[in-house]
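What follows is a single structure, written as structure tokens, with notes after it.
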């Protein structure tokens with residue numbers, strides 16, 4: 001057992017500790033930045049200095065530090081996070097590593113994301129569920145291309161709180177002038193993100209030495225702000241949750257017996273109360289909320305982020321993938337929209353090819369009609385392209401085979417975000433964030449002359465029998 005938990009148990013007792021722990025707010029944050037900026041070391045330092053490491057974990061780190069560590073005689077705290085063998089041997093982060101810890105104020109889930117450009121898709125995956133981005137900058141190198149790249153992606157994915165940590169201050173002799181120079185450079189860049197709602201905190205620290213991570217440092221006496229952990233403890237994310245209209249994607253129809261039929265899911269945005277009138281989409285049928293059921297008992301209301309089961313006063317047809325909204329909602333139904341797309345596979349995104357598209361709990365079929373531009377996310381410049389490559393980000397027109405109720409991503413991430421799934425391999429090949437919705441009168445459906453079966457058969461033949469020189473049917477009839 002780690003010492004922080006032991007101390008709290010001794011003070012409160014097991015039941016009081018568990019009750020207090022249950023109702024703490026949860027903050028999800030990711031660490032990102034350029035290669036070797038010290039992301040994994042920072043997380044290791046956070047865990048170590050907040051007394052969240054078990055004795056056997058610390059012993060293992062000491063042993064591994066002698067073999068593959070990069071910090072000399074001291075334990076390499078980055079090894080607490082870099083779990084893959086390839087990561088330890090190369091001294092880099094490849095996959096997204098998740099760690100959990102808590103303080104007396106808050107619970108945390110950390111996503112340690114890779115800094116290398118070829119793992120940008122991993123970083124986007126880690127950022128998609130986070131409230132805060134901790135962006136590390138090496139005090140010696142300043143703002144680099146990958147710093148801009150990760151800031152752009154975090155902003156694109158709806159993260160509204162940035163904590164910019166200028167790391168390795170010990171290597172620039174804790175220079176205040178160097179810190180101010182980097183701070184000015186980053187704030188100038190952040191204006192190009194065109195997001196007036198961004199909350200940016202910038203602070204100096206040394207993850208290796210532990211300066212200003214959990215505790216204030218005499219070496220940084222000129223810095224009058226809070227250490228990193230206090231900043232994270234005090235970030236206000238409750239205001240973000242309460243915004244927006246009620247959205248409830250149905251994940252599961254719960255029918256344990258003939259007397260109960262409920263619809264389980266997580267409230268994506270807004271709130272709902274017993275007695276509120278709702279509309280089930282796409283059917284458009286109305287009813288009122290009879291009960292809000294949880295494992296701990298019924299609630300009178302539920303807010304964004306809560307997993308609940310709703311029962312209705314009327315028996316109406318609702319299934320997995322349907323969406324519940326309030327009756328006065330102005331949610332738009334469409335089969336065409338513009339979206340920023342992050343491409344995640346070696347084979348580039350090609351307009352005209354069909355993919356399975358999953359939005360919240362709903363699965364449908366769609367295609368890219370056109371690529372407006374790709375973004376150079378190092379300079380934020382836009383340029384024309386015929387296809388999106390691996391790790392490419394661009395604005396595209398997307399068409400669906402059916403009408404779906406959607407939001408813009410900035411209004412609701414769950415009903416405004418989606419993934420592309422390759423129909424042959426079932427591999428997730430891309431992720432999208434809806435920017436603009438088209439009116440149904442303006443929308444153009446996918447070519448009705450081609451069935452989904454014909455598209456898949458044609459793709460299989462072209463993949464496995466290339467010597468037949470079969471043409472792409474979707475392009476021939478598009």
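Here the Cβ of each residue, glycine as well, is placed from N, Cα and C on the backbone.
Cβ neighbour count for residue 33 (GTP binding site) (all protein chains, 10 Å cutoff from its Cβ): 28. Swiss-Prot lists 33-40, 112-116, 167-170 with the feature GTP binding site, giving sequence analysis as the kind of evidence.
The domain 'tr-type G' annotation in Swiss-Prot covers 24-240.
Annotation source Swiss-Prot lists region 'G1' at 33-40.
For 112-115, the entry in Swiss-Prot reads region 'G3', with the evidence type similarity to another entry.
What Swiss-Prot records for 167-170 is region 'G4', and it gives similarity to another entry as the kind of evidence. For the region 'G4' (167-170), same-chain residues at least 6 beyond its ends with a Cβ under 8 Å from one of its own Cβ atoms are 37-38, 42, 136-140, 179, 204-209, 211-212, 219-220.
Non-local neighbourhood of residue 169 (GTP binding site): 139, 175, 179, 204, 205, 206, 211, 212, 219, 220, each in the same chain, at least six residues away, with C-beta under 8 Å from its C-beta. Other Cβ atoms within 10 Å of the Cβ of residue 113 (GTP binding site), summed over all protein chains shown, number 27. Under the DSSP three-state reduction, residue 113 (GTP binding site) is assigned to coil, being neither helix nor strand. Secondary structure from DSSP puts residue 36 (GTP binding site) in coil. DSSP labels the residues of the region 'G4' (167-170) in these numbers: 2 helix, 1 strand, 1 coil. Among the binding-site residues 36, 39, the residue whose Cβ has the fewest other Cβ atoms within 10 Å is 36.
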